[in-house]
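Annotated features in Swiss-Prot:
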type	residues	note
BINDING	GLY43, ALA44, SER45, GLY46, SER47, GLY48, LYS49, SER50	ATP binding site
DOMAIN	7-233	domain 'ABC transporter'
Amino acid sequence: MANIPLLQCIQLTKYYQRANFLIKVLNCITLSIQSNEMIAVVGASGSGKSTLLHLLGGLDKPTEGEIFFEGHALHKLTDNERSVIRNKRLGFVYQFHHLLSDFDVLENVAMPLLIGGIAFNQAKSRAQCVLELVGLKNHINSFPHELSGGESQRVTVARAIVNNPSLILADEPTGNLDQKNSDSIFQLLKKLNTYYGTTFLIATHDLDFAKKCHKILMISNGKIKLSQNDSFR
Ligand SMILES: Nc1ncnc2c1ncn2[C@@H]1O[C@H](COP(=O)(O)OP(=O)(O)OP(=O)(O)O)[C@@H](O)[C@H]1O
């Protein structure tokens, strides 16, 4: 029997309003993602990578089509219902780190747990474990402005995984990093994929990064092509 996909979208279409007309960014996309996959999303600038991630992560609603995540029909839920699922089951990693500047690293990472109603001490100790996992135990009391680009990105990854999500959507996670930091972020995501079974969908312009993922999803002219990565290592 075929596995039930972790995430599935059926005939997904997205239009945006631009001045007096509508632009169609995604055109009738159908896609299934199984647990444990690590998929790179590639395509030219403006092709719709972020748009796809936002729709699949329930941050925005499609104009047409259906999205199912762990059996939930995201397209039918209210904003509130989607945000509950996002907080519990999904993690997001952005290129621009979106760390809260008035809070230290530990508090930034603990924040999703605190928002989810977890007691402070428990949230803090879980955040501490995750920061050790991403190699930042010496920075738990640093503030975002005291971190390098690579360290900030590790904090973002730590914050994304603190809830133990089944799916992480990463938008240009290595966009502003040098090769060494980019490799190290890839190794970190790969470790989470291998040891914890976390599924990843990663929008990237970095083709070397993409070549190291299990599959590559190419967006062009509103359509997608998902292929097994022959050069997967
Ligand atoms: N909220 C919005 N309103 C109107 N148009 C939008 C909106 N968000 C994105 N777009 C347009 O949709 C298209 C796809 O944008 P998107 O950000 O998804 O592309 P992308 O592939 O992630 O680009 P990049 O690689 O440059 O980050 C672009 O033409 C963009 O201008």
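Backbone N, Cα and C define each Cβ position, glycine as well.
It should be emphasised that the depicted structure is a prediction, and the values quoted were computed from it without experimental measurement.
For the binding-site residues SER45, SER50, the greatest number of Cβ atoms within 10 Å around a candidate Cβ is found at SER50. A C-beta separation below 8 Å, combined with a sequence spacing of at least six in one chain, links GLY48 (ATP binding site) to LYS14, VAL25, LEU26, ILE219, GLY222. Sequence-ordered, the extra residues of this chain that approach the ATP site, with Cβ no more than 8 Å from the Cβ center of GLY43, ALA44, SER45, GLY46, SER47, GLY48, LYS49, SER50, are THR51, ILE219. Between the binding-site residues GLY43, GLY46, GLY43 has the most other Cβ atoms inside 10 Å of its own Cβ, all protein chains included. Residues from the binding-site residues list (ALA44, GLY46, SER47, GLY48, LYS49) with a C-beta closer than 6 Å to any atom of ligand 1: GLY46, SER47, GLY48, LYS49. For LYS49 (ATP binding site), other Cβ atoms within 10 Å of its Cβ number 25.
Neighbour counts were taken as the number of other C-beta atoms within 10 angstroms of each residue's C-beta; across the binding-site residues ALA44, SER47, the minimum falls on ALA44.
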